[in-house]
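Asker: Here it is, the structure, as structure tokens.
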Amino acid sequence: MKIAILSTKQELSSTQRLKEAALARGHKVKIINTLRCYMSLSQEKPTIHYMGKELARYDAVIPRIGASITFYGTAVVRQFEMMGTFCLNSSMSITRSRDKFRSLQFLSRKGIDLPITGFAHSPDDIEDLIQMVGGTPLIIKLIEGTQGIGVVLAETKKAAESVIQAFLGLKVNILIQEFIGETQGRDIRCFVIGNKVVATMQREARPGDFRSNVHRGGTTKLIKITPQEREISINAAKALGLNVAGVDLLRSKRGPLVLEVNSSPGLEGIENITKKDIAGMIIEFIEKNAKPIKAYSRYQG
């Protein structure tokens, strides 16, 4: 098969692992800079050009779309879909996952348990919003933040009001979330491929922080998840339409809660801790599912 990996930074570990895994299984693979793709639409056919030439057809595309280029990146993925190319995660599923509140709305509609979450526009509603999520302490998040950036723990009502007012004053979209204190800065990353959780790890925040992201200095260790945690992870990925996802869970007193669903989960940390060839599993999934399809048939707006 001919496989394209969409990535703006080909040196990234996850991108290289996917390339290695594809080559090891006998496929032709090319890393394509998403931002150097440019597109043409006409009555006859959609095309993608790359560095001065029309891009060759590929059997499958692996989108590694960074949060900062979601709009353009998903447009490129959508163009591949219109050309009939199998995309590991669809443009629609990536878009759903990137807007934190929108993704939680999808999960809530499917009956998936979440931390109580609020969203408001007017500063006049701050006091009621704080009460809606159970009061302080509470978490304040940028709707399009990643890797723990733009996540604030407000421990008092006064602090919460000040931070929320500051964000709203800057016309920044934020969501407010209940603080699950019993997790003690720990969460669980479940790596989902298709309808299966293929790897799990626990992440723990560094001392003095509450964010467990490895990019923020958090540590990881192996963990065994429960059947309920496995089921909720698979259902969360399915609710957003993702074939591959990193589902972050919290173990709360009322059971597992889905914190977030990542459409471009990193491979390095979880492969290192579990010693599993997750990149190889992704390529195997593509082999089983990348069948020739009619052009335009995957485009859903």
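The backbone N, Cα and C atoms fix where each Cβ goes, and this holds for glycine too.
As annotated in Swiss-Prot:
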BINDING   Lys141, Glu178, Phe179, Asp187, Arg211, Ser212, Asn213  ATP binding site
BINDING   Asp248, Glu260  Mn(2+) 1 binding site
BINDING   Asp248, Glu260  Mg(2+) 1 binding site
BINDING   Glu260, Asn262  Mg(2+) 2 binding site
BINDING   Glu260, Asn262  Mn(2+) 2 binding site
DOMAIN    104-287  domain 'ATP-grasp'
Asker: Looking only at the domain 'ATP-grasp' (104-287), report the model's average pLDDT.
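Answerer: Computed over the domain 'ATP-grasp' (104-287), the mean pLDDT is 91 on the 0 to 100 scale.
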Asker: Which ones, of the binding-site residues Lys141, Glu178, Phe179, Asn262, have a Cα no more than 10 Å from the Cα of Asp248 (Mn(2+) 1 binding site)?
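Answerer: Hits: Asn262.
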Asker: At a 10 Å cut-off from the C-beta of Glu260 (Mn(2+) 1 binding site), count the other C-beta atoms across all protein chains.
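Answerer: Glu260 (Mn(2+) 1 binding site): 21 neighbouring Cβ atoms within 10 Å.
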Asker: To see if you understand the setup: which same-chain residues, six or more apart in sequence, place their Cβ under 8 Å from that of Phe179 (ATP binding site)?
Answerer: Thr136, Pro137, Leu138, Ile139, Leu153
Asker: Once near-sequence residues are set aside, which residues in the chain of Lys141 (ATP binding site), 6 or more away, have Cβ atoms under 8 Å from its Cβ?
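Answerer: Within the chain, Lys141 (ATP binding site) has Cβ neighbours under 8 Å at Lys100, Gly150, Val151, Val152, Ile174, Leu175, Ile176, Gln177.
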Asker: Can you tell me the three-state DSSP label for Glu178 (ATP binding site)?
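Answerer: Glu178 (ATP binding site) sits in a strand per DSSP.
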Asker: Using DSSP, would you call Glu260 (Mn(2+) 1 binding site) helix, strand or coil?
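Answerer: Looking at the DSSP assignment, Glu260 (Mn(2+) 1 binding site) belongs to a strand.
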Asker: In whole Å, how far is Glu260 (Mn(2+) 1 binding site) from Glu178 (ATP binding site) when you measure between their Cα atoms?
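Answerer: Just about 14 Å between their Cα atoms.
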Asker: Rounded to an integer, what is the Cα-Cα distance in Å between Asn262 (Mg(2+) 2 binding site) and Asp187 (ATP binding site)?
Answerer: 14
Asker: Looking only at C-alpha atoms, tell me how far Glu260 (Mn(2+) 1 binding site) is from Asp187 (ATP binding site), rounded to the nearest Å.
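Answerer: Each residue's Cα considered, Glu260 (Mn(2+) 1 binding site) and Asp187 (ATP binding site) end up 11 Å apart.
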Asker: So for Asn262 (Mg(2+) 2 binding site), how many other CB atoms are inside 10 Å of its CB?
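Answerer: Asn262 (Mg(2+) 2 binding site) is surrounded by 21 other Cβ atoms within 10 Å.
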